[in-house]
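Now, the feature entries from TrEMBL:
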{"type": "TRANSMEM", "residues": "12-30", "note": "transmembrane segment"}
{"type": "TRANSMEM", "residues": "36-53", "note": "transmembrane segment"}
{"type": "TRANSMEM", "residues": "73-93", "note": "transmembrane segment"}
{"type": "TRANSMEM", "residues": "99-120", "note": "transmembrane segment"}
{"type": "DOMAIN", "residues": "147-256", "note": "domain 'P-type ATPase A'"}
{"type": "TRANSMEM", "residues": "273-295", "note": "transmembrane segment"}
{"type": "TRANSMEM", "residues": "739-761", "note": "transmembrane segment"}
{"type": "TRANSMEM", "residues": "767-788", "note": "transmembrane segment"}
{"type": "TRANSMEM", "residues": "800-828", "note": "transmembrane segment"}
């Protein structure tokens, strides 16, 4: 079975096994080490023969969205079960001489199909043009002895691509072999800060784009600038690793074109309920056949009347009605800056039971402020220095100034906010080399950047430092490092490893205060470098303030019985402090740390619980509701591997997940979903992309209008969009419930009316059907969906099951009341002195109007109106009915029209009905 999102990926057949297919591997990255080795000398892509051979196999490098012809779209659209049912119904009504109604439905269906075809074609064309525009360009390939410019369509895995200094919009995935690139990845990840990509180091093992993201350039991302990759120090060189739909952008486009099916109980129950209505229709058909045979009807009339029952009981407009609430909710969200690329997720957001939040940039401010510096050594720590400028010249000050990936763009420093603050706090100046990057001041090393101290430093004490190698921060390793060169050629490597005597207690003290703590270290380098046993330099403390909206939103969610969870890559003590600051953990609640260790050759797996303020959790006999668990990434991995029986219990009580790698965030979301949680996830960066897509409701905080990183994108850079989305989701879900019940009751009302009139050898007229279906039901169904959400989140969540006993019970009671009312109305009519029975020898249309038909039609018309009011729920998840001006006015209007028509026995004022529709469309109130 081919999974969803893999429909546009090439597969090959394994001839050794029957019916076994594998994804088509474009390029064996296991040989990339050889490619890098070649680059260090004379880099070659391949000979011309193999280049054309690979192009013939792989095809063009194009993310080609298929744009189907109108005829094919029409064929596929008409084959939709909804339209097949509509076509059959129109044919049936035409045979039965219901020309007016059949003509109206035909016109509506043609308009609906035309609009649908136009929108599908327009969306496909727009997406295709956007992708082609972002892919078609010229690339420069490097061969044994020459460069050659080719179209991006001709790129294949294994080609070596030259990236110009001014950058480009990358048309493929590529591994960076030489130089550095500043990349804007906002289109893929929603991350607004440009990312510095460095060249791939030589290493054994198979290359993986996911694990080597800092060295991988992704298709569709904008390369802002490139440098240090060629002999003259300009541009960069990369090897193409994936093309077409095998790229990161291609996989995302494929997931948009072929999304995973939504596993939501409401939609499953809707299909089951349609089968239940079909069973009722079968019973009604049998009853009508018995009556028609008894009345000696012709075979044609018997077939037509029996099938007519099916078109009445199973409403063909039900699927369209169910989307009404979602469409209105999507429009309201867009006005408030929340954009949605997956409308079915709006209803699912109404059932979210746990919401996970990233910390940095989501709960806390994106930027950090330097709080202080402490130098350290074997003897302990020095006094706290609030301003790094006051440090004595030496390795600590140089480390703060150099250990970063900040780059200059048009003279302005650009990079990670934390690194930018750290660098700026030293007062040093960043200077980028010219031309080939070789600098005699630093022993003719190829220099990436030069850090110069402020002029006021004493001459001869410290000096400029050149950065010759950078290893950006790795979420897996939880560290970053740089290689620097001092004047004369001495190299330093800055990485945290060794610690002073009181390191743990000092780190715990500052982390518990909510500070972001970074450790710095260095070591002289030689040809046989060992990356251990560094000399510890000290600690840098940075304050990350909680956003003012975070505490208010978290409190709002907790009052609504929505569980909130923090998932961060930061230190566990810092994360706990932020959780207390924003209200996830109450001031009177304890935190228990879960510590799990994996199996090692010298020890067995262990699982321990300890209170945050010391002591053991087992020593306390109080119940668990006053406690929260906190787990770090290493313990989470050990729990999954060695203690799976305890994992569900831990997940149900854990509020803080710290030191979590990006793949662990995704795994956490999936584990929570296994516990039948509807999981929401809110984040703002590349590390959250996997979790955002895996969650039932993913919200990306991004300045972009829409991001493929998640179903929802909020332009508001705080979590205030979360309760807004949940309120709209609950409102939409309640509206869908109300419309489903109304459409079901509408079918049952008309079903009862027709069967009662069949018993009396008559039926509703064509105009009566038209008035009920188009004027009453359609108008009321449209305005019912316009009701907005309530102003506050309620502790209870709306139901998601249509087959629950309360729903089915209310439908049964309403149906009994409807049937009783119509039968009583008919009996009252036939008991009057002026009543004259129908002439059974005359055809049906010659018996109109008649008392039986008029009484049943009149009462059923009011039943449609009454049921629209009855099933429209307001509190606690929607505004009350009187706040929905359109529905209130529409109910009043159709009530007056129906009453006026019955009292005067006159034709319906169609011009007024048209005015009602027109004013509703223009979103303006209408009055009599």
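The backbone N, Cα and C atoms fix where each Cβ goes, and this holds for glycine too.
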| said: At a Cβ cut-off of 8 Å, and with pairs 6 or more apart in sequence only, do we get at least 3 pairs between the transmembrane segment (739-761) and the transmembrane segment (800-828), yes or no? | reply: yes
| message | Let me spell it out: take the transmembrane segment (73-93), skip the flanking residues so only those 6+ beyond its ends count, and list any with a Cβ under 8 Å from a Cβ in it. | response | 99, 101-102, 105-106, 109, 113, 116-117, 120-121, 304, 307-308, 311, 314, 316, 319
| note | Sequence-distant residues near the transmembrane segment (99-120) by C-beta distance (under 8 Å, 6 or more away from its ends) are 68, 70, 73-74, 77-78, 83, 86-87, 89-90, 93, 320, 766-767, 769-770, 773-774
| If you run through the domain 'P-type ATPase A' (147-256) with DSSP, how many residues end up as helix, strand and coil? | 22 helix, 41 strand, 47 coil
